[in-house]
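What follows is a set of notes on a single structure, which appears directly below.
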Amino acid sequence: MAAEESQRDFSSQSNSGSVHGTHLSLKLAVDFEAKVITGSATYTVKVVENGATQFVLDTSTLVITKVEVDGVRAKFRQHVEHQTFGSALEITLPGAERAAGSTATVSIFYNTSPRSSAVQWLPPAQTAGKARPYLFTQCQAIHARALLPCQDTPAAKLTYDATVEVPEWATCLMSALSTGAPATAGSSEGMRTFGFHQPVPVPSYLIALAVGDLASREISHRCRIWSEPSMVDAAAHDFAQTEEFLTAAEELTCPYEFLTAAEELTCPYVWGRYDVLCLPPSFPYGGMENPCLTFVTPTLLTGDRSLAFVVAHEISHSWTGNLITNRTWQSFWLNEGFTMWLERKIMSRVTRDARYYDFDAHIGWNHLKEDIALFESKGSAALTALCPPLEGIDPDDAFSSVPYEKGFALLNELQTRIGAEAFEEFVKTYIDNFKFGTITGTQFRAFVQASSYFKGDALDGLDWDEWLFAPGMPRNKPNALALEVLRAMDAAYGLSAARNSELAFRWQLLCLRRRADFIVSHVLEFITSQGRMKFTRPLYRELNKRPETASQAVDAFMANADFYHPICRAMVAKDLGLQMKKNMSRSLRCARYA
Ligand SMILES: CC/C=C\C/C=C\C[C@@H](O)/C=C/C=C/C=C\[C@@H](O)CCCC(=O)O
Ligand SMILES: [Zn+2]
């Protein structure tokens, strides 16, 4: 296999590997008339590599007016603009080469351009109220650099605070916690100032802003639904299950025994609040997982809550994506594949219907097929790899259902190998291990391989290179036959008690492969009551694949060795890794190879 996951972020020109902005203070003012945001971005900068002399950020269509380092004017240079990746902004750190661990405060004074790719400025006609303008941002994947100078790579997480001056009639929201009521004191005439802080380190693509004529409805102690006033009741109705989704997500992600709300929680929700802003119809995505404030499209408003699963998806990103973040866009599948998995688990719980997971996975599989065919027809098959070659590529051009559904398919494949219950526990260890950080596919692979949940032969035959780097459809369709479905089929059709040997054989093999342990006693009964190799050998081999059932297979075989025809006995002994001593037939005469 040719490809390799790069440690470099091809989509950023910043030098976050040697100098890292760890905290950002934004002071912004919104000018609807000029369609610009003006202000300053002040970074607390930490040198991580000895000898650094520059702090390099990404910008796109920004006008930089002044830079200060530790309060003193500093030299800066904006490179020629690259069509996709923008202009690198090089700021000279004055004095001698900086030692690792040293810090500085860097303030950049700037304004955005009316053609910023991060901001949509809506005239009143494009709003529901038709009376006031509106603006919202969308920074994923690499548009944050068109909103503020930043190290626009998910590898560089930072905390932030912000003040934003907006017209007095407007409400300003950000992907952060509010610091309190807006202030008019200290603001320009006719303006008021909103304050925010985000104490959890986030990547730049999660910095978000919306300003408009907004109203809200509180739907739980930590969830509020926002939109334009004329839509807010409809939005609050369609997203009324938000708290229920959030609770289900907490149960699925908390590595400790989950306690009820009345008791002390062992896993407090890291982000503090989960609010939802329902945007005007030009919002380009179904939802965007901006922390503390998910953005959603109004196309979800049906009146019957049938599209609220998008909120379950965005809630899931609170852990997979926002808490554990893809280190570069090559590992975007870890954000989205895990989020699809969690979304489907949440929806199965909330609907109390285990079939939800399988049916939705089936729909996702078909979506994946369509997207892969589309990319192949465009001559872009390489972008259908889970870890795509992104050098020189605009991430927006690479976007498809591949990271979502192929990513999910890989996780589902892992789940199938150890069973849903064990995989759910494994995911909790994954979250606990990588929370607050970033991850690559290579790290994930190593984590799985080292995990005690995947001991023994659980990963046998899994071709990681093919999964991560080969374009096209994965080989194995996610199996829709969850344990619960097998139990329901058994209850409906009595398959475990089937007397038809062909039927019993197929059913038993299927159940063993799905690790449905209720079948084991039936299998042992079947393989010790007849000796037809067509049935007996595959079932013994299947039992022998897992430590939990292998010893039962050996015991059953040894106890019944005399029953089998010598050919069958010899074949099964080989299948089980046992050596039959010549002319001996009793169980004690078998010994394990090696
Ligand atoms: C392998 C692809 C590499 C990088 C792509 C990363 C980001 C792509 C960029 O286009 C931004 C995507 C933003 C997505 C936001 C929300 C999605 O969950 C929405 C999914 C589609 C929808 O429901 O409308
Ligand atoms: Zn998502």
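Think of each number as a place in line: the chain as shown, counted from 1.
Glycine residues also receive a Cβ, built from the backbone N, Cα and C atoms like all the rest.
For Glu314 (active site, proton acceptor), the same-chain residues that are 6 or more apart in sequence and have a Cβ closer than 8 Å to its Cβ are Val276, Gly287, Met288, Glu289, Thr294, Val296. TrEMBL lists Glu314 with the feature active site, proton acceptor.
What TrEMBL lists as active site, proton donor is Tyr404. In the three-state DSSP scheme, Tyr404 (active site, proton donor) is classed as helix.
Taken from TrEMBL, the feature peptide binding site applies to Gln138, Cys139, Gln140, Pro284, Tyr285, Gly286, Gly287, Met288, Glu289, Arg532, Met533, Lys534. Residue density at Glu289 (peptide binding site): 24 other Cβ atoms are found within 10 A of its Cβ, drawing on all protein chains shown.
Taken from TrEMBL, the feature Zn(2+) binding site applies to His313, His317, Glu336. The Cβ of His313 (Zn(2+) binding site) has 25 other Cβ atoms within 10 Å, all protein chains considered.
Residues annotated as compositional bias 'Polar residues' in TrEMBL: 9-19.
DSSP assignment over the domain 'Peptidase M1 leukotriene A4 hydrolase/aminopeptidase C-terminal' (442-576) gives 95 helix, 0 strand, 40 coil. TrEMBL lists 442-576 with the feature domain 'Peptidase M1 leukotriene A4 hydrolase/aminopeptidase C-terminal'.
What TrEMBL lists as region 'Disordered' is 1-20. Note on the region 'Disordered' (1-20): residues 45-49, 52, 54-58, 79, 82, 85-86, 88, 93, 98, 141-142, 150-156, 158, 327-331, 385, 387, 389-393, 395, 440-442, 465-466, 468-470 of its chain, located 6 or more positions outside it, place their CB under 8 angstroms from a CB of the stretch.
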For ligand 2, which among the recorded positions Gln138, Gln140, Glu336, Tyr404, Met533 have a CB under 6 Å from it?
Glu336
By DSSP assignment, list the helix, strand and coil residue numbers for the region 'Disordered' (1-20), in that order.
0 helix, 2 strand, 18 coil
Among the binding-site residues Gln140, Tyr285, Met533, name every one whose Cβ is found under 6 angstroms from ligand 1, counting any of its atoms.
Gln140, Tyr285
Using Tyr404 (active site, proton donor) as the reference point, find which of the binding-site residues Gln138, Gln140, Tyr285, His313 has the shortest Cα-to-Cα distance to it.
His313
Cα distance, Glu336 (Zn(2+) binding site) to Met533 (peptide binding site), nearest Å?
45
